[in-house]
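Single-structure report; data block below.
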Amino acid sequence: MGKRQDWSVTACIFLFLSLASQIHCRSHIPFPSPKRGVSSSGDTSHFNVIQRESVPSPKDKDLIQQLPGQPSDVTFKQYGGYVAVNKPAGRFLYYYFVETIKPGNTTPLVIWFNGGPGCSSLGGAFKELGPFRVHSDGKTLFRNPYSWNNEANVLFLETPVGTGFSYSNSPINGKQGDKATAEDNYMFLVNWLERFPEYKGRDIYIAGQSYAGHYVPQLAQIILHRNNQTLINLRGILIGNPSLNREIQDDFGYKFMFSHGLISQQQMDNYNKFCTDSDLYDWDKCHLASQKIEAQKTHLDIYNIYAPLCLNSTLSSEPKKCTTIMKADPCSGNYLKAYLNIKEVQEAIHANTTKIPYEWTSCNTKLLWEWNEKDRYVSLTPILQELMGKGVRVMLYNGDVDLVIPFTSTLAVVKTMNLTVVKEWRPWFTGGHVGGFTEDYKGNLTFVTVKGAGHSVPTDQPIHALNIFTSFIRNTPLPQTA
């Protein structure tokens with residue numbers, strides 16, 4: 001009797017396991033499709049169908065469905081969001097990415113930095129080389145036909161932490177500087193490429209302007225030093241109106257003003273006599289001479305000495321009729337600030353998700369003034385020469401009416417590199433007109449001036465800027481004939 005009970009128990013357990021196994025298998029093995037002409041509705045009504053929702057990837061989450069106020073003729077994809085560069089410290093950099101209007105598996109990736117330090121690359125995106133500009137109402141956008149995404153995929157990065165929408169959850173110990181920024185920028189790029197792996201094998205160019213004369217070569221150097229860890233196919237760097245060596249470049253501002261009739265011969269002579277002549281140097285007289293020259297700047301746009309000042313910062317109730325993008329609006333910065341502080345805009349571009357307790361501004365002046373002073377004056381020419389020695393092409397371009405970083409100051413820095421000229425100074429052309437002048441040096445460095453442009457070349461001369469950019473990434477000479 002005991003054996004029979006044991007057998008019964010064993011049989012029950014076996015039956016239970018058998019049924020459980022069948023149920024388990026049914027949940028994993030799909031049922032065959034019903035035969036043609038036979039309805040399956042009656043056969044499966046007793047089953048509960050469980051549907052699992054797919055979880056969007058970080059890339060999919062960053063997809064911008066539509067920018068508020070954007071034109072209707074947009075065919076390219078846009079992305080925006082945050083990438084962690086130091087999770088334990090809670091440091092996140094914000095990016096805005098526009099794919100090219102001509103998608104392809106080989107179209108290059110360009111990373112763009114504005115300067116400052118502490119100035120947002122969204123200024124570059126919406127005032128310079130991106131696909132849109134902001135109307136005077138601060139609410140709507142219009143197309144920029146000379147956007148660089150005509151030729152490449154363009155990634156705009158707000159860096160360093162504290163710039164624009166980028167933030168840190170932990171206090172930053174000490175002053176920010178070049179080294180930490182370069183590390184953050186490198187970590188951003190590595191992590192961003194994991195989010196967008198289709199760009200890992202692409203040709204990559206790093207570009208920027210002003211203080212990006214530090215960011216760009218320093219990031220490029222880290223990439224080359226660590227390419228045995230993470231391969232990044234860096235092809236070249238392109239920097240506009242670059243800050244490369246302030247000890248040299250700072251001496252050219254007053255000379256530039258004098259050469260353009262902005263100060264008198266007497267003012268220039270007094271400055272030279274009391275400030276630069278070691279035998280006649282007099283601090284009090286030098287200070288007075290400098291003050292008189294600085295006073296002349298108050299009447300000028302120092303970023304483009306021939307541009308009008310913004311005299312009315314009030315937004316218009318309706319967007320002004322835009323007759324041509326070639327005429328830069330001196331108040332465009334006000335329009336952009338208004339646009340990026342609209343709640344719906346921030347939600348659309350996945351920015352300010354942590355509700356930063358301050359509004360977006362084009363430049364963080366606190367960060368600017370607290371930047372490591374030694375870093376401001378470091379010379380970047382040794383890094384440029386290292387990059388060139390490893391096959392990285394370098395182009396430096398400069399607007400010829402910029403007072404902040406005159407083209408003469410950039411050219412002076414290039415001359416200190418003692419490079420051999422392989423193609424002498426000559427004009428280059430856009431649409432039959434002189435776009436500026438250019439000179440080529442041994443080691444793959446090209447210097448370009450841009451006629452009629454100031455500190456932000458793509459703002460002042462968008463056609464010229466696009467031609468320079470296209471020439472660079474295609475590795476073709478600028479047009480040499482009208």
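Each Cβ is built from the backbone N, Cα and C atoms, and glycine gets one as well.
Over in Swiss-Prot, the protein carries these features:
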type	residues	note
SIGNAL	1-25	signal peptide
DISULFID	Cys119-Cys363	disulfide bond
ACT_SITE	Ser210	active site
CARBOHYD	Asn228	N-linked glycosylation site
DISULFID	Cys275-Cys286	disulfide bond
DISULFID	Cys310-Cys331	disulfide bond
CARBOHYD	Asn312	N-linked glycosylation site
CARBOHYD	Asn352	N-linked glycosylation site
ACT_SITE	Asp402	active site
CARBOHYD	Asn418	N-linked glycosylation site
CARBOHYD	Asn444	N-linked glycosylation site
ACT_SITE	His455	active site
Subset of recorded positions (Cys119, Cys286, Asn312, Cys331, Asn418, Asn444) lying within 10 A of Asp402 (active site), CA to CA, in sequence order: none
Cys363 (disulfide bond) - helix vs strand vs coil (DSSP): strand
Residues satisfying Cβ distance under 8 Å from His455 (active site), sequence separation of at least 6: Gln209, Ser210, Asn241, Tyr303, Asn304, Gly399, Asp402, Val404, Ile405
Cβ packing number for Asp402 (active site), 10 Å threshold: 27
Rounded to the nearest Å - Cα separation of Cys119 (disulfide bond) and Cys331 (disulfide bond): 17
Which recorded positions sit within 10 Å of Cys363 (disulfide bond) - Cα, from Asn228, Cys275, Cys286, Cys310, Asn352, Asn418: none
Shortest C-alpha distance to Asn312 (N-linked glycosylation site) - which of the recorded positions Cys275, Cys286, Cys331, Asn418, Asn444: Cys331
Neighbouring C-beta atoms (10 Å sphere around the C-beta of Asn352 (N-linked glycosylation site)): 21
Candidate with the highest Cβ count within 10 Å, taken from the disulfide-bonded residues Cys119, Cys286, Cys331: Cys119
DSSP state at Cys286 (disulfide bond), helix/strand/coil: helix
From recorded positions Asn228, Cys331, Asn352, Asn418, Asn444, the one whose Cα lies nearest Cys286 (disulfide bond): Asn418
